[in-house]
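A short write-up of the structure that comes next.
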Amino acid sequence: MGKNLTVLLADENHVALEELAKIFKSLGFTNIIQSDNAGNAWTMIQLKELECVVSAWEMKEMSGLALLRIVRSSDRFFNLPVFLMHSSYTKGMVVLAGQEGVTGLVVTPFSADSIKKKMESLKFPVLDPHQKEAEKSLQDALQLIESENYETAVGILENLVKIEENAEYYYNLGYVKTAQGNYSEAIQAFRKATAIDRLFAKAYEGMGRAYQKIGKPEEAEKFMIRAADIHMSRENVEEAEMVLDEIREINPNTVNIYNSFGVLYRKKGDFKKALFNYKKAIVIHPERARIHYNIGRLYIEMKDPETAKSYFMQALKLEPDFDDAREVLDAIDLGAF
């Protein structure tokens with residue numbers, strides 16, 4: 001076990017975080033990075049050269065499971081070891097974590113012995129010289145972008161994409177091309193990034209902004225909404241809200257945004273605003289079963305299953321094969337809510 005490895009620990013419970021850091025230090029680890037939320041942890045994962053992540057399962061803004069999903073959806077970090085911590089795992093949690101690609105589960109309160117065994121179980125991959133060189137080149141390009149030395153950064157990134165088709169390389173190339181005002185080339189780069197990684201929210205955002213710059217607001221809106229939906233699926237509510245607000249600034253009269261805002265406010269627990277936006281969406285798109293279903297789910301959360309039932313029935317009327325709506329409707333009839 002290489003104790004000079006860099007480990008990231010994430011937990012919003014500061015006492016637990018410090019306790020975990022002490023255990024790693026007692027085991028001889030010296031490179032320990034701490035984060036009190038999953039959003040910041042994801043930033044650290046992208047900026048630092050990490051060998052392992054240990055994250056609490058339950059965190060408010062973004063859960064450890066959502067962080068795991070983001071890590072596994074990235075080509076660059078697909079093999080990064082990620083452990084999740086929780087005090088009592090259900091069978092469903094174990095299955096779900098396994099499906100998302102968790103490296104291992106840690107039961108809290110943890111002990112030095114249990115952490116030691118988890119770390120000893122890891123077999124860290126050794127980068128070949130070409131991979132090391134590519135990683136160094138990417139870091140050089142990111143530093144050049146930060147200092148706005150775009151021409152040199154473009155040269156490095158264009159060389160990298162010739163060597164390997166990588167979503168992150170194309171995303172950064174698109175970012176630089178946007179900064180240079182080369183919007184058509186930026187769109188091409190962002191498209192390649194999303195073709196490689198179809199859940200690359202930031203690349204969809206970049207593409208949307210580039211389309212806005214060349215006077216194509218409908219295309220801009222389409223890709224920005226895609227980005228917001230990905231953020232929400234990962235429980236990254238704050239990022240989603242910022243993107244949706246940006247869409248509203250682009251087109252205050254947009255008709256596609258209300259359902260997305262409804263989902264957003266439901267996730268935030270603001271049921272009044274969620275219902276307001278869902279009902280705006282349903283006036284514009286009464287034929288969309290998914291919106292009726294979303295309102296039904298909202299009424300379930302508001303402890304009003306009878307009202308919810310009417311929306312699920314309408315969803316099934318519009319889409320008879322809508323299994324999710326049928327399952328919830330059956331559950332209501334059985335008195336589950």
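Even glycines carry a Cβ here, placed using N, Cα and C.
No curator has checked TrEMBL annotations; they are predicted automatically.
For the domain 'Response regulatory' (6-123), the model gives a mean pLDDT of 86. Under the heading domain 'Response regulatory', TrEMBL lists 6-123.
Residue counts of the repeat 'TPR' (167-200) by helix, strand and coil are 27 helix, 0 strand, 7 coil (DSSP-based). Feature annotation from TrEMBL assigns repeat 'TPR' to 167-200 (among others).
What TrEMBL records for 201-234 (among others) is repeat 'TPR'. For the repeat 'TPR' (201-234), the DSSP-based tally of helix, strand and coil residues reads 30 helix, 0 strand, 4 coil.
The repeat 'TPR' feature in TrEMBL is assigned to 255-288 (among others).
Per TrEMBL, the feature repeat 'TPR' maps to 289-322 (among others). With a threshold of 8 Å between CB atoms, the same-chain residues lying at least 6 positions outside the repeat 'TPR' (289-322) that come near it are 259, 262-263, 266, 271, 274-275, 278-279, 281-282, 328-329, 332, 337.
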Same-chain residue ranges lying at least 6 outside the repeat 'TPR' (255-288) that approach it to Cβ under 8 Å: 221-222, 225, 228-229, 232, 235, 237, 240-241, 244, 247-248, 294-295, 297-298, 301-302, 318
Contact set, same chain, for the repeat 'TPR' (167-200): CB under 8 Å, 6 or more residues outside the stretch: 73-76, 138, 141-142, 145, 148, 150, 153-154, 157-158, 160-161, 206-207, 209-211, 213-214, 230
